[in-house]
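Have a look at the structure below, then the notes.
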Amino acid sequence: MNYCKISFYFLLSISISLFLISLKFLLKDLVYFIEWEVLSLQSMSIVMTFLFDWMSLMFMSFVLLISSLVIFYSNQYMEEDYNINRFILLVLMFVMSMMMLIISPNLISILLGWDGLGLVSYCLVIYFQNVKSYNAGMLTALSNRIGDVALLLAIAWMLNYGSWNYVFYLEMMSKNTEMMIIGGLVMLAAMTKSAQIPFSSWLPAAMAAPTPVSALVHSSTLVTAGVYLLIRFNVLLTDWWMGQFMLLISGLTMFMAGLGANFEFDLKKIIALSTLSQLGLMMSILSMGFYKLAFFHLLTHALFKALLFMCAGSIIHNMKNSQDIRMMGSLSMSMPLTCSCFNVANLALCGMPFLAGFYSKDLILEMVSLSYVNIFSFFLFFFSTGLTVCYSFRLVYYSMTGDFNSSVLHPLNDTGWTMLFSIFFLMIMAVIGGSMLSWLMFLNPSMICLPFNMKMLTLFVCILGGLIGYLLSNVKLFFTNKALYLYNFTFFAGSMWFMPVVSTIGVINYPLKLGLYSYKSFDQGWSEFFGGQMIYNQLKNYSLYLQEFQMNSLKIYLLSYMLWFIVLLMLVVLVN
């Protein structure tokens, strides 16, 4: 019995019902706080708390929608897998952990969901069970462990307040030293989960997972858990240096990922780096205090990024599991439906007017122009937007246009209706999702008054980025490999500012060498010399002496007899 269809209908029905409920909550401004007493013992009670507001309900409905479509998509994508039911169960466990995280106003139950996400994502990343997957899984799990430890420490610090339900006292206690420490720890946890610098290297590595996992986990759920947590704690970021620090780090992450994606040739890694760039955008606008905008972009990004991953999976499936974009080309001729959806997702990512990404990205950039930020942050925002369009058009050039470069003799076609159904459903959402959400979330439209030049700056940056991305990649204009001219820069930017190297070899190399030296000098050196070997030599020498005594020599017998006689005489003299 296949679990795919059952899970799909079940999750989709819950998703639609939750969306309708969230609309009611949003329009009536309702918040439901539910306390469930799990256990009561004498005067002590263990209470489970749930928080239902429009934000948690809408996020849950989006997560369930994407997960239902991903499960339906997996029915065909993973059809040759004997253990498909185990795969679906892992995805369902992941979704359950996510639900737990979303509706918890309590740091302990958040930790349960948070840890569940980390463990299940490890199982999903190592699903293909090869060396690359194992390495990626360990990097993912250990990077996320740092965040788990930070959350545990935050739980310990919350003992100062007598309750772990932070919702009640967060705003009132926001200026306390203890609460600032808790805020710092929560921010560290969010940075590890959302792969901000210096924890960025795990996200591209996690692309070793199956593509449906990438579409669900690494676009809309796992990586946005950190952003969601910070949205809940947004009071602690504003009017404090932590917010400014977060703005710098997330801006650099956005810039680094956008730059790295322009030098990458692995299709899934390009999309992973674009996810990282968008996460940086969410984090930076959140650290400026616009948490609703961050949430808005989180939802729209989830739609078009899941679509992008699904189309990429369909292409990889057809290319007989080749992910190198240099091997593609002219795919729009062979796979028109998939490629058109792919282009819609790409344009939504670039912020093409009236697609999902436009409403959130344009609003974010206009609010940045309107706000009080320094020139460096302003540059990072707009330059990263240009880079996003640049790598998107580069991707289109390599995969959609030109000549077919693949070496496989395989008839390319649009895959079966199962995968296409999920792709089409998400494409419709990627087209109408942004406008729908903007009308729902911002009931009273704000007037953003900017000079003409600043108003047009976003559009200008996008067009310029697209032109540069397409023309730099175009082989007909300039045949020599451009990367070879600036080899050191290419090496630096293309390897994510050496972060994967630093967070693997850099972290483990010196402790291992230290262990080797201490083992050689202590374990096999001084402690051996003064410990084991010395005791052995002493005992050996003593046994040789004893052997001499026990050799039945007459001299020794006479000598020992005389000594014993003298001792007895002395004893007799002493007694008398």
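Any Cβ shown, glycine's included, is placed from N, Cα and C.
Positions annotated as transmembrane segment by TrEMBL: 6-23, 57-75, 110-128, 149-169, 241-263, 294-316, 337-359, 371-396, 417-442, 454-472, 484-508, 556-575 (among others). Annotation comment: TrEMBL describes 39-87 as domain 'NADH-Ubiquinone oxidoreductase (complex I) chain 5 N-terminal'. Per TrEMBL, domain 'NADH:quinone oxidoreductase/Mrp antiporter transmembrane' is recorded for 104-388. As annotated by TrEMBL, domain 'NADH dehydrogenase subunit 5 C-terminal' applies to 391-571.
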Whether the transmembrane segment (294-316) meets the transmembrane segment (417-442): three or more C-beta pairs under 8 angstroms = yes
Per the 3+ Cβ pairs under 8 Å rule, pairs at least 6 apart in sequence, do the transmembrane segment (57-75) and the transmembrane segment (417-442) touch?
-> yes
Reduced to three DSSP states, the domain 'NADH-Ubiquinone oxidoreductase (complex I) chain 5 N-terminal' (39-87) has 28 helix, 13 strand, 8 coil
Using a Cβ-Cβ cut-off of under 8 Å, list the residues of the same chain that are 6+ residues beyond the ends of the transmembrane segment (241-263) and lie near it.
-> 180, 183-184, 187, 191, 195-197, 200, 269-270, 273-274, 276-284, 286-289, 373, 376-377, 380-381, 383-384, 387-388, 390-391, 394, 469, 483, 490, 493-497, 499
The predicted model's mean pLDDT over the domain 'NADH dehydrogenase subunit 5 C-terminal' (391-571) is 86
